[in-house]
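One structure, as structure tokens, below. Some questions next.
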Amino acid sequence: MNILIFGPPGSGKSTHSRTITERYGLTYISSGDMIRAEIEKGSELGKELKKYLAKGELIPDIVVNTLVISRLRRDRNNFIIDGYPRTAEQVLALENYLYDHGIRIDVAMEIFISKEESVERISGRRICPKCGAVYHLRYRPPKVPGKCDLCGSQLIQREDDRSEIVAKRYDLYVKNMEPIIKFYKKQGIYVRVDGHGSINEVWERIRPLLDYIHNREKKRKENE
């Protein structure tokens, strides 16, 4: 089973991607994780990528395409790709690669939330720069305001978590995804899931669909 999953900032797609990965034994491929790993290396590329994120702008297509497709060369089937493709150029690069290698996508799933919900979820997030613990001012506040429960360090807000940056990222997401959604609708594999509510509530909207696809693909392979 091969899945594309996408959604606006704060939609919970990465959280659900990891649950899906574990439940169905898939390989998790995240463009965001690969970009952040490059930034953490402190490489010249990482420094350039950090500038784009700080301004709420998309990473250049050629960079993201190279990162994702190089990963796909190692894991050609049973994968979930989180947050890619996000532009028409990325769709073209991915589709060309899949066609050349006889790979098909079973479902392109969008977890959708409103702009207001997106801004609230992301802008309230606080990170511990020392141990990496994540908090939220509303949903998971620290015991002592501004301090990490685990190590006592001062919590910070990432630059790209500021409300004005989140709003910009949301608008950019909606604009860029419109033609991509149309493309996957034409292929008959696009599904939109309501991302409002708790993690468990959203998961119960996702699980029946993926169970069905998983069982369908299992039977298809048995009959080959």
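Residue positions begin at 1 at the first shown residue.
Each residue, glycine too, has its Cβ placed from N, Cα and C.
Keep in mind it's a predicted model, so treat the numbers as computed, not measured.
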Among Arg73, Arg74, Arg169, which residue does Swiss-Prot annotate as binding AMP together with Ser31, Arg36, Glu57, Leu58, Ile59, Gly83, Tyr84, Pro85, Arg86, Gln90, Arg158?
Arg169
Same ATP site as Gly10, Ser11, Gly12, Lys13, Ser14, Thr15, Val134, Tyr135, Gly197 according to Swiss-Prot: which of Arg23, Arg125?
Arg125
Cα of Ile59 (AMP binding site) to Cα of Gly12 (ATP binding site): how many Å, rounded?
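Taking the Cα atoms only, Ile59 (AMP binding site) lies 20 Å from Gly12 (ATP binding site).
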Can you check which residues sit near Cys131 (Zn(2+) binding site), meaning Cβ under 8 Å from its Cβ, same chain, 6 or more apart in sequence, and list them in order?
Cys148, Leu150, Cys151, Ser153
For the region 'LID' (124-161), give me same-chain residues lying six or more residues beyond its boundaries with a C-beta closer than 8 angstroms to one of its C-beta atoms, as numbers and ranges.
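Distal contacts: 53-54, 56, 169.
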Listed ATP-binding residues Gly10, Ser11, Gly12, Lys13, Ser14, Thr15, Arg125, Val134, Tyr135, Gly197 - what's their greatest C-alpha to C-alpha distance in Å?
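Pairwise Cα check on Gly10, Ser11, Gly12, Lys13, Ser14, Thr15, Arg125, Val134, Tyr135, Gly197 gives a maximum of 20 Å.
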Secondary structure at Ser31 (AMP binding site) (DSSP, helix/strand/coil)?
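In three-state terms, Ser31 (AMP binding site) counts as helix.
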Which whole-number value in Å describes the distance between the Cα atoms of Arg86 (AMP binding site) and Gly10 (ATP binding site)?
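With the alpha carbons as reference points, the distance is 16 Å.
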